[in-house]
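**Q** According to Swiss-Prot, the protein carries these features:
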TRANSMEM  34-54  transmembrane segment
TRANSMEM  56-76  transmembrane segment
TRANSMEM  105-125  transmembrane segment
TRANSMEM  128-148  transmembrane segment
TRANSMEM  152-172  transmembrane segment
TRANSMEM  173-193  transmembrane segment
TRANSMEM  237-257  transmembrane segment
TRANSMEM  291-311  transmembrane segment
Amino acid sequence: MRIREGHLINDSAEGPIGLRTRLMGYIGLTKPRVIELLLVTTIPAMLLADRGTVDPLLIINTLVGGLLAAAGANTLNCVADADIDKKMKRTERRALARATVPRSHALIFGLTLSVASFFWLWSTTNMLSAHLAGATIAFYVLVYTLLLKRRTSQNVVWGGAAGCMPVMIGWSAVTGTIQWPALVMFLIIFFWTPPHTWALAMRYKEDYEAAGVPMLPVVATEQQVTKQILVYTWLTVLATLALALTTGWLYASVAILAGTWFLVMAHQLYAGVKRGEAVKPLRLFLQSNNYLAVVFVALAVDSALALPTLLHV
């Protein structure tokens with residue numbers, strides 16, 4: 001039994017559901033890999049907010065609250081998407097699709113985590129961070145999952161806003177306010193989400209089509225999709241450069257180099273489709289994770305070292 005990309009993988013013969021299997025099912029509902037990526041952006045945001053002098057206990061408390069919020073939102077997303085997860089090969093091994101965890105129990109689990117995240121952040125950080133976390137969960141579940149996901153090909157554009165909120169929560173936990181660097185970090189992730197998700201959707205187009213989810217690759221041509229990927233990749237890189245106004249030389253250098261690499265990959269995908277070649281969009285999906293991680297790790301190091309900045313925030 002193991003977890004992979006939020007899926008419950010059962011390597012043993014079918015049989016009664018044991019305690020360990022059930023426990024792994026609950027863990028899978030929270031989508032640990034997704035949480036990992038979200039939390040990678042929180043620490044750099046907090047370090048930038050106070051140029052590396054943040055209380056370690058505040059960082060830990062914010063991460064715990066963010067983990068609870070993301071786990072709760074992901075679990076509730078799985079509850080709402082249980083019907084379509086059964087129809088997609090990529091998600092057919094998730095706990096609810098396989099009935100490893102009762103749907104009602106998953107709902108209670110998700111709600112409990114969500115409520116716990118609010119009160120944890122309220123008691124250990126501040127009210128603004130708690131409200132931002134609560135609003136993020138509500139937006140992700142009610143607006144993205146229930147309203148947008150099955151109705152529009154632009155679902156991930158607007159729904160992706162939920163994935164941008166960890167930087168806002170991290171910043172507000174330190175400062176008690178929202179300032180323009182936090183908004184720029186929000187935009188970085190907002191613009192990064194469509195090319196990241198659409199590249200995956202290109203690879204699993206048949207899955208989404210079978211489930212009736214109108215992802216852009218399902219309703220548009222590959223050339224149209226890769227053109228949109230290219231546009232959002234450029235916007236992502238430009239946003240990372242805008243953030244360089246409030247960072248040191250280390251972040252700025254990494255943002256330029258990593259951004260160039262990300263743009264080259266997006267242009268190669270677009271050019272390959274335009275020439276009618278067989279392309280591998282999953283490569284862009286995987287490398288986009290690395291890109292975001294590299295940029296935010298550079299931001300964390302730059303901020304921790306308190307390198308001289310172009311502008312003082």
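Glycine too: its Cβ is placed from the backbone N, Cα and C atoms.
Please go over these features one by one and say how buried each is and what sits next to it.
**A** Outside the transmembrane segment (291-311) by six or more residues, the chain places 37, 40-41, 43-44, 47-48, 51-53, 188-189, 192, 196, 240, 243-251, 254-255, 258-259, 261-262 with a CB less than 8 A from a CB of the stretch.
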**Q** Does the transmembrane segment (237-257) come close to the transmembrane segment (56-76), meaning at least 3 CB pairs under 8 Å for residues 6 or more apart?
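**A** No, the transmembrane segment (56-76) does not contact the transmembrane segment (237-257).
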**Q** Cβ pairs under 8 Å with the transmembrane segment (34-54): which stretch of 128-148, 152-172, 173-193 has the most?
**A** 152-172
**Q** Please indicate, using numbers and ranges, the residues of the same chain that are 6 or more beyond the transmembrane segment (173-193) and have a C-beta under 8 Å from a C-beta there.
**A** 41, 45-46, 48-50, 54, 58, 61-62, 121, 125-126, 128-129, 156-157, 160-161, 163-165, 167, 232-233, 235-236, 239-240, 242-243, 246, 288, 291-292, 295, 313
